[in-house]
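Worksheet for the structure shown next.
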Amino acid sequence: MQNLQGMLRDQRVAQDLQEVIFSIELACKDIAKKVQLGALAGVLGATESENVQGETQKKLDVISNDILKASLAANSNVLALASEEEDNVVAANAGGRYVVAFDPLDGSSNIDINGQIGTIFTIFEALDGVAANSGKHFLQQGNKQVCAGYVLYGASTLMVITVDGPTSCLTLDPATQTFSLTNTALQVPDQTQEFAVNLANERFWLPKFKSYVADLKLGEEGVRGKRFNMRWNASMVGDVHRVLMRGGIFMYPSDTRNPKQPAKLRLLYEANPMALLIERAGGKAFNETQRILDVTPCALHERIAVILGSEQEVATCLEYLN
């Protein structure tokens, strides 16, 4: 069975980019070990600090962030880093060709209940003539990503990745600590009968989106004429992985709860990498008005509405909204 190195070699990925991906792989293997040990490793519970998002940091958030930073900073091909847990860009190595952004541990509310969590990452080529610690490197459209992926720490540890080809899935063998290719090209079904959305926010939704979800819930007797099941993991990695494996639509729309912050998910290291993975698997990924990968970021931690998944269902949702 082919390993990650063999897969990248067959795809003729540039050697320096391969090395950056291997640094992410190494870090995620370390994180996976700590996740598996849980309370035995003393990594559960919260810290007394908040990140730039105003969110209370879990111990494993901080540990995962430190592991990824150390692994990537040790790679001479990495010019700079950006993380959900860091206020600003972190300069790494002068002369590095790539910049890497990541959410070190998505779904951290699931940590203490042994639920699904994961690491999301994206890689861009650094801009010429721009200082290493400049945010400009990261304000590129998502269609400029040279690699995107996530590692899901679940019943098995999986890496889902796309470089310059399909969205592929690799499974970690805990005995050999090797990621082996188990699905060469994931394909999202065009149609679905599953949706993922946080219904607790329904009272804050805009009327058109509320109408769309209401019709999903009506089942066979409603205008959609079929039964839909709702699934919600409170982890973007877990919910998007399900969509990639068997279809569905994942939605985190804008809402009115906080007028200064109408969206929840971050464009750079959540929406963009997931959008690329979904599109390379035949699905669609939009905010409420345009393709996510065509959005030009304005800020490092910019937030955006996300609607992604099976092509026909995303199109139907957008018809309601527009």
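For all residues, glycine too, the Cβ spot is worked out from N, Cα and C.
Under the heading Mg(2+) 1 binding site, Swiss-Prot lists GLU84, ASP103, LEU105. Swiss-Prot lists ASP103, ASP106, GLU270 with the feature Mg(2+) 2 binding site, giving sequence analysis as the kind of evidence. According to Swiss-Prot, the feature substrate binding site maps to ASP106, GLY107, SER108, SER109, ASN198, LYS264.
Projection of Swiss-Prot feature records onto the structure.
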residue: GLU84; record: Mg(2+) 1 binding site; CB count, 10 Å: 24
residue: ASP103; record: Mg(2+) 1 binding site; CB count, 10 Å: 28
residue: LEU105; record: Mg(2+) 1 binding site; CB count, 10 Å: 28
residue: ASP106; record: Mg(2+) 2 binding site; CB count, 10 Å: 29
residue: GLY107; record: substrate binding site; CB count, 10 Å: 21
residue: SER108; record: substrate binding site; CB count, 10 Å: 23
residue: SER109; record: substrate binding site; CB count, 10 Å: 13
residue: ASN198; record: substrate binding site; CB count, 10 Å: 15
residue: LYS264; record: substrate binding site; CB count, 10 Å: 20
residue: GLU270; record: Mg(2+) 2 binding site; CB count, 10 Å: 26
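ASP106 (Mg(2+) 2 binding site) and ASN198 (substrate binding site) are 16 Å apart (CA-CA, integer value).
Cα spacing between LYS264 (substrate binding site) and ASP103 (Mg(2+) 1 binding site): 14 Å, rounded to the nearest whole number. In the three-state DSSP scheme, SER109 (substrate binding site) is classed as helix. When the Cα of GLU84 (Mg(2+) 1 binding site) is compared against those of the binding-site residues GLY107, SER108, GLU270, the shortest separation belongs to GLU270. Following the DSSP three-state reduction, the secondary structure of ASP103 (Mg(2+) 1 binding site) is strand.
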